[in-house]
Amino acid sequence: MNQSPSLIEQGISQQHLKTLSCANVLTLAYQSLGVIYGDLSTSPLYVYKTTFSGKLSLHEDDEEIFGVFSFIFWTFTLIALFKYVFIVLSADDNGEGGTFALYSLLCRYAKLSILPNHQEMDEKLSTYATGSPGETRQSAAVKSFFEKHPKSQKCLLLFVLLGTCMAIGDSVLTPTISVLSAVSGVKLKIPNLHENYVVIIACIILVAIFSVQRYGTHRVAFIFAPISTAWLLSISSIGVYNTIKWNPRIVSALSPVYMYKFLRSTGVEGWVSLGGVVLSITGVETMFADLGHFSSLSIKVAFSFFVYPCLILAYMGEAAFLSKHHEDIQQSFYKAIPEPVFWPVFIVATFAAVVGSQAVISATFSIISQCCALDCFPRVKIIHTSSKIHGQIYIPEVNWMLMCLCLAVTIGLRDTNMMGHAYGLAVTSVMLVTTCLMTLVMTIVWKQRIITVLAFVVFFGSIELLYFSSCVYKVPEGGWIPILLSLTFMAVMYIWNYGTTKKHEFDVENKVSMDRIVSLGPSIGMVRVPGIGLVYSNLVTGVPAVFGHFVTNLPAFHKILVFVCVKSVQVPYVGEEERFVISRVGPKEYGMFRSVVRYGYRDVPREMYDFESRLVSAIVEFVETEPGLEEEEMSSVRRKKEECMEIMEAKEAGVAYILGHSYAKAKQSSSVLKKLAVNVVFAFMSTNCRGTDVVLNVPHTSLLEVGMVYYV
């Protein structure tokens, strides 16, 4: 079955997918296997190996193996199936999922906007709906807390960014551990192959994966679902074979009693080993994050009726094999494969690792794009890799950065056990962030009773804290990697957000007053030249300081002036009919307008987007529908037509883009830490990141930059 581009586009660009036919749901469910479940399905490659990598030993009674499988089964059932499939997938934001979707819901319902240019008119967007106005005592109390303590809003943002940074850490560790685990199976057939060659092969595959990203996944995505399907069917069939051949009694380990027996007999070592068990649910967060690419029902169908049983059978079969082959624990996955099908399964495993890596890389591009929309990451070039499928993007800087980090981890560690320890900490951290945000969503958005909310957070939170504590114990053995990565990204995000916020505050404090503009008269104190001048700023009201700086140094300006503010709003997408908000600046004879251009946090301006024509059309429509005096209706209509003609003639004369090239500097009275953050770190990022003109796709032939210094 081939993937249908029209269905994928529908899955990505439309939020109301509940009316899909049964055939369409099944088609989307099949497609999701190659996009969502690549990471989750490759976990059997390293779960048992990592779990038994410490001091946990095997005894003849097999109580440890039965206990570990019991933990895997119930963790998979409670966290992946009950929490994510049955509960978390319901917390969508207009069909979109992920950490930012939860945060967006909270911001809208609790009015926690951290965007400095938020306007009341944004709340009238069709996707901004906040449901019924009714409040419960709990939801009102939480909202009141955030209103009375503004710093708590910043803390919530930092908490969300923490989860985001850990997710980025996942994107470094997933390709590394998946590819290296898959390739290491070759040593079983070629025992004399040196470990260095295995690492080199893994590095070559990783370089190949990142090198083809610029071409877009849509060119090869049609084979992703068949690969994942073949992989899941292979490992589940082998699992059934091993269960029947080696130890059918493993079925009894489905009882939770074996978890208790395991912890009782192994003690501290058993608790420490749980950091390996949690790797069985790596990738469950992807189900929620990629919700906007498919439908909630299709993801639930794919997981509940195919992915879940296939993986449980695979883990069961490997446990049955291990119960009779204690000495093969460090190569249990490949040792459990029957000899006649070893090489076919090895090849499929390698391709499955590539598919799993591709899924998290694409998800990282989406995460970084959303961070940029919230002013929480330096400007990067975002490229659409498909003209048909919305949401498939490529970010060159992030791609090569991830490749370098993956290669560094692969070459530096060379040990999938240490990688597993690092991976576990990243996974449990993201899950805990989701649980905490879901608790707030259940209180503020869903308005659930306090007993329901407490039951959710206590039950799932305690399970995840158990695994988290186990992973924290292994920080010296590889767990430091995601901590280092997340702290680095957190510092970058926070400093960038701090710097841009301070620059906006400077803009607000130093904007040019309308009295000054009006005092200049109709000519605005200068020669008006043909054409349209687009003055970009972050202000939604007032005249930006960059304009005052410009008119002070240049005695000419365009006949039509448009102050353009491109901003993000706390919804995933903004419809084209709602994108432009046009208003006048000053009297009509001045020919000055303001255009607020709104994008959702998942919207990305396309390279071929005809911005000029759409903007001019929006201005003309505004002029035509602008209310006038009834007694002068005829003359008003004539003046409107004349003004529209002037605007169109100005467009034909040419459009110039005026952007401020700003330099932020800390005030002399600032602390040493602030000077370091602003004058050194923020300045370095501003200098080396993409320019505003690149991000906004401004044509270089029409660009005019005005230098300004911001003292923050």
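Here the Cβ of each residue, glycine as well, is placed from N, Cα and C on the backbone.
What you see is a predicted model, and the numbers here were worked out from it, not measured in a lab.
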R214 / Q448 share membrane side in Swiss-Prot: yes
Candidates 20-40, 68-88, 155-175, 301-321, 393-413; stretch with most C-beta pairs under 8 Å toward the transmembrane segment (190-210): 393-413
Positions on the same chain near the transmembrane segment (450-470), where near means CB under 8 A and six or more residues out: 75, 78-79, 83, 87, 138, 271-275, 277-278, 424-425, 428-429, 431-432, 435-436, 438-439, 442-443
Selected stretch (most C-beta pairs under 8 A with the transmembrane segment (425-445)) from 20-40, 68-88, 341-361, 475-495: 475-495
Leading stretch by Cβ pairs under 8 Å, where the reference is the transmembrane segment (20-40) and the options are 68-88, 155-175, 341-361, 393-413, 475-495: 341-361
